[in-house]
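Everything below concerns the one structure shown next.
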Amino acid sequence: MTRPIRVEINHSALRHNYLQSRKQTSGRRALAVIKADAYGHGSLGCAQALADMADGFALLNIEDAIALRQAGIQQDIILLEGPFDRAEVEAMATYRIGGAIHSPHQIAWLREGSLPGPVEVWLKINSGMNRLGFRPEQVAATLARLQSLPQVHTSTIMTHFATADDARGVAAQWQAFAPVAAASGLAVSAANSAAVFRHPQTHGDVVRPGITLYGCSPFAECHGAALGLQTTMTLSADIIATQQLQAGDTVGYGLNFRAEHAMRIGIVACGYADGYPRIAANGTPVMVADQRSATVGRVSMDMLAIDLSHLPAADIGSRVELWGPNVAIEEVAAAAGTIGYELMCAIAPRVPRQLI
Ligand SMILES: *Cc1c(COP(=O)(O)O)cnc(C)c1O
């Protein structure tokens, strides 16, 4: 017997979502962002599923990038934070992997490394987010330095937006970035998923959708379905026990839920050690026996409880959708005070992944 929990990954929905994102940008090149193991979906499998349509892939780890090359992926592969040490610069050249260059110490590695071939560089600009990148006024000098290095090919200038998903938009950052981007003569890349869907002036030459590939909306006020996206990830687990409660009975740790009247509950084989958020409030939606229901009590490490009072058909062995096509991940995220990104990325390795 295996523990009855699984996360199902739908590659045809992923392909639909890639094309849906590209449709927004009238033919711009689109790098599929597959960092964080493709937001929990499996980066190699997702890259292979998109191999005949994606213009390229963006991720963080050189090891994952090399795995894509070794699996036969031919497209551009870009490391979004560039090399983390000198040895990675050499591996980038060996495996034809490009990367963001955001700081002078990375340029020193490029200069000092003995590179077996050319390295593609994306010059990263800090236009206001203040995580990574050169300031706009440093672009000319930095670009000159990069262009003096024989083995370095600087193809693209990039930045990243802090509020493309909310009402504050991209205006201030775009104003800081656009003039230096245009003056650089390089290909321009700025748009994440939110900017792909909402800020067409930032589409430039290459866009970088992430979350929308996985069917989830970047916007707080709408779900992915409203953007024409399909669900790529379904987390489900089965009921392994039921309990009949009397009025006044409590459920789980902390006595966080007290029954107001007699009710029946189901115990589901999914907990926070699987990646379901412990902080998800009483009443977080689930789907079971073709009906919506909700969690009761605090999520435990390996189990959670749901209300079955109105669901006589649900019993031991019934499958409970925790998020998926019937329970939007955005709803669960809202009940946990977080975003779909975090839930997808938090799926634990112990949860078996199945392709559907
Ligand atoms: C993660 C990331 C993206 C994709 O962001 P989404 O909001 O998931 O579309 C794009 N660019 C960079 C630099 C990133 O780190």
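Note: Cβ is positioned from N, Cα and C throughout, glycine not excepted.
Positions annotated as active site, proton acceptor by TrEMBL: K35, Y253. According to TrEMBL, the substrate binding site annotation covers R131, M301. Under the heading domain 'Alanine racemase C-terminal', TrEMBL lists 232-356. Look at TrEMBL and you will find K35 tagged as N6-(pyridoxal phosphate)lysine.
Distribution of TrEMBL features across the structure.
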residue: K35; record: active site, proton acceptor; Cβ neighbours (10 Å): 18
residue: R131; record: substrate binding site; Cβ neighbours (10 Å): 10
residue: Y253; record: active site, proton acceptor; Cβ neighbours (10 Å): 12
residue: M301; record: substrate binding site; Cβ neighbours (10 Å): 11
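Secondary structure from DSSP puts R131 (substrate binding site) in coil. Between the CA atoms of M301 (substrate binding site) and Y253 (active site, proton acceptor) there is a gap of 10 Å. As a summary of secondary structure, the domain 'Alanine racemase C-terminal' (232-356) carries 19 helix, 45 strand, 61 coil according to DSSP. Cα of Y253 (active site, proton acceptor) to Cα of K35 (active site, proton acceptor): a span of 35 Å. Cα separation, R131 (substrate binding site) to K35 (active site, proton acceptor), rounded: 17 Å.
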